[in-house]
Amino acid sequence: MVPETGLAPETGSSGTVAAVVPAAGSGERLAAGIPKAFCEIDGASMLARAVAGLLDSKVVDHVVVAVPADRVDEAKRLLPGQATVVAGGADRTASVRLALAAVPGNPAFVLVHDAARALTPPALIARVVQALRDGHRAVVPALPLHDTVKAVDANGVVLGTPERDGLRAVQTPQGFATDLLLRAYAAGAGTAGFTDDASLVEHVGGQVQVVDGDPLAFKITTQLDLLLAETIVRR
């Protein structure tokens, strides 16, 4: 069944772009005492900075954010008129579904962006959208890995060392043809184990294209990440 959403299951003909930002998580690893998306970086919340980056890219027509139910009014005060605020769900997937349901019209493409990647440059967002317009139906920004990666078992015993050349660290926003994203969410309903939206698309056989990421699109997860973000903003 197609997810409960305001979007039609066909790709929109208008060429417009919507972005959804699931921001209802608690952010326990950041240990800030408030939902992570509402933590401030030099006076502006991560959520406000993430939404501003999307709109400053000039390629996003509307943004829908999903926040904790008790933070909806606060988010509405923080965000501009081009952003719609809805109450999020129990997990990220549920929040994306609720945000999709509130997307107006029938956009051709949908971006899914992490509020915690608050410093993502507008140029990166434009790069993802351009790849969609060039004909790719699923696009993720990513960076090469510089550290050696080990596969380990439950006891910490190394099972192998994957070749770094074929590995990438994936960022957001991840972009999709609207019909493909809806189909992926419909097929993945009730299925656990997907860590990003591109994984859902891969699950239904969709091909995902990688474009160059950006170091500034790092995910703010710990206090050290937050300190780095504040240092960058204040420089």
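Every residue, even glycine, has its Cβ placed from backbone N, Cα and C.
What Swiss-Prot lists as site 'Transition state stabilizer' is Arg29, Lys36. Marked as site 'Positions MEP for the nucleophilic attack' by Swiss-Prot on the basis of sequence analysis: Arg164, Lys219.
Straight-line distance linking the Cα atoms of Arg164 (site 'Positions MEP for the nucleophilic attack') and Lys36 (site 'Transition state stabilizer'), rounded to a whole number, equals 31 Å. Of all the recorded sites listed here (Lys36, Arg164), the one with the fewest other CB atoms within 10 A of its own CB is Arg164. Residue pair Lys36 (site 'Transition state stabilizer') / Lys219 (site 'Positions MEP for the nucleophilic attack') shows a Cα separation of 11 Å. Of all the Cβ atoms in the protein chains shown, 15 others lie within 10 Å of the Cβ of Lys219 (site 'Positions MEP for the nucleophilic attack'). Reduced to three states, the DSSP call for Arg164 (site 'Positions MEP for the nucleophilic attack') is helix. DSSP classifies Lys36 (site 'Transition state stabilizer') as helix under the three-state reduction. In the three-state DSSP scheme, Lys219 (site 'Positions MEP for the nucleophilic attack') is classed as coil.
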